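The Zn(2+) 1 binding site annotation in Swiss-Prot covers HIS17, HIS19, LYS103, ASP251. Taken from Swiss-Prot, the feature substrate binding site applies to HIS19, LEU20, ARG21, ASN45, HIS140, LEU223, HIS255, ALA267, supported by sequence analysis. As annotated by Swiss-Prot, Zn(2+) 2 binding site applies to LYS103, HIS140, HIS178. For LYS103, the entry in Swiss-Prot reads N6-carboxylysine, with the evidence type sequence analysis. According to Swiss-Prot, the feature active site maps to ASP251, an assignment based on sequence analysis.
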Amino acid sequence: MTAPSQVLKIRRPDDWHVHLRDGDMLKTVVPYTSEIYGRAIVMPNLASPITTVDAAIAYRQRILDAVPAGHDFTPLMTCYLTDSLDADELERGFHEGVFTAAKLYPANATTNSSHGVTSVDAIMPVLERMEKLGMPLLVHGEVTHADVDIFDREARFIDTVMEPLRQRLTTLKVVFEHITTKDAAQYVRDGNDYLAATITPQHLMFNRNDMLVGGIRPHLYCLPILKRNIHQQALRELVASGFTRAFLGTDSAPHSRHRKETSCGCAGCFNAPSALCSYAAVFEEMNALAHFEAFCSLNGPQFYGLPVNTGWVELVRDEQQVPENIALADDSLVPFLAGETVRWSVKK
């Protein structure tokens, strides 16, 4: 029997889906991402969404100003799609290297998505332009109709939105973000080279029982919501198979403690401090460490047409305890796995 690995050395990873917020929150959370990842796809759903080139440039600078000295980190900016977005502005941002991708939020699907798209038809000229440019479309894949159960939103989205869109725009590059269901895993697996997916650590590690049985755990509440065990297992099997169009996207989404631990709490897991170690634990449990580097560091650049990072990151088998909380101005953040012990650590 082979002894378990004590060190995992991988090309420096990227985070293909992260929320860095703004203001004091931005300054607090950026170092947890910039310390480990070479690049990150930054979500545009600020209180005033990022819909113009100038807004993206200004936000990128605020992010860079929050990166500690010695961290080599490149934020990759995204444009928030709205029904009224100017396709020429989007194209200008893409050609100038400001926008790496554009994000489709169905209206009211998640945090700060009230400005989102009411129907795909409303933005079809923009999507057609993106297809011609080879610009990736990042999709929060849930319908938001009042008559659709929250646990069925993703599966319904595939049938009613995603598949018709991909049939219409056959060469549009699409990232089905933070997939959570067996349906989505199978859909992406069966898709062509224009379709990829990101998967979060929480959806690989937990299911809805973990969030709801024995008391509600608000720090596991995120959108798309955790699903039943069969869906969690499908995601684990997808990444363990070495499937090359699935890659790391933490969806790290910080909210202050008082906005999570309340009668109507916000959705999102702040997992940046422990995400890479969490992924490593999952791959180890699935006897799939041979595919860990590709998931973290190779598959994403391949899909986006970007070079692989030149640096390296080492994880060591050294247990560490995740902090119970992290100071935030006049409040605090409770990180994913707060107070728990993880068996891998990133070597400093």
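Cβ coordinates are placed from backbone N, Cα and C, and glycine is handled just like the others.
Shown on the structure are the features that Swiss-Prot records.
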residue: HIS17; record: Zn(2+) 1 binding site; DSSP (3 states): strand
residue: ASN45; record: substrate binding site; DSSP (3 states): coil
residue: HIS140; record: substrate binding site; DSSP (3 states): coil
residue: HIS178; record: Zn(2+) 2 binding site; DSSP (3 states): coil
residue: LEU223; record: substrate binding site; DSSP (3 states): coil
residue: ASP251; record: Zn(2+) 1 binding site; DSSP (3 states): coil
residue: ALA267; record: substrate binding site; DSSP (3 states): coil
Distance, ASP251 (Zn(2+) 1 binding site) to LEU223 (substrate binding site) (CA atoms, angstrom): 10
Spatial neighbours of HIS255 (substrate binding site) that are distant in sequence (at least 6 apart) but have CB under 8 A: GLY265, CYS266, GLY268, PHE270, LEU333
Inter-residue Cα distance where the pair is HIS178 (Zn(2+) 2 binding site) and ARG21 (substrate binding site), in Å: 18
HIS19, LYS103, HIS178 filtered to the binding-site residues whose C-alpha is within 10 Å of ASN45 (substrate binding site): HIS19, LYS103
Pairwise CA distance, HIS140 (substrate binding site) versus HIS178 (Zn(2+) 2 binding site), rounded so that it is a whole Å: 8
Cβ atoms near LEU223 (substrate binding site) (within 10 Å, other residues, all chains): 20
Three-state secondary structure, LYS103 (Zn(2+) 1 binding site) (per DSSP): strand
Maximum Cα-Cα separation (Å), residues HIS19, LEU20, ARG21, ASN45, HIS140, LEU223, HIS255, ALA267 listed as binding substrate: 19
Entry from the binding-site residues list LEU20, ALA267 having the most other CB atoms no farther than 10 A: LEU20
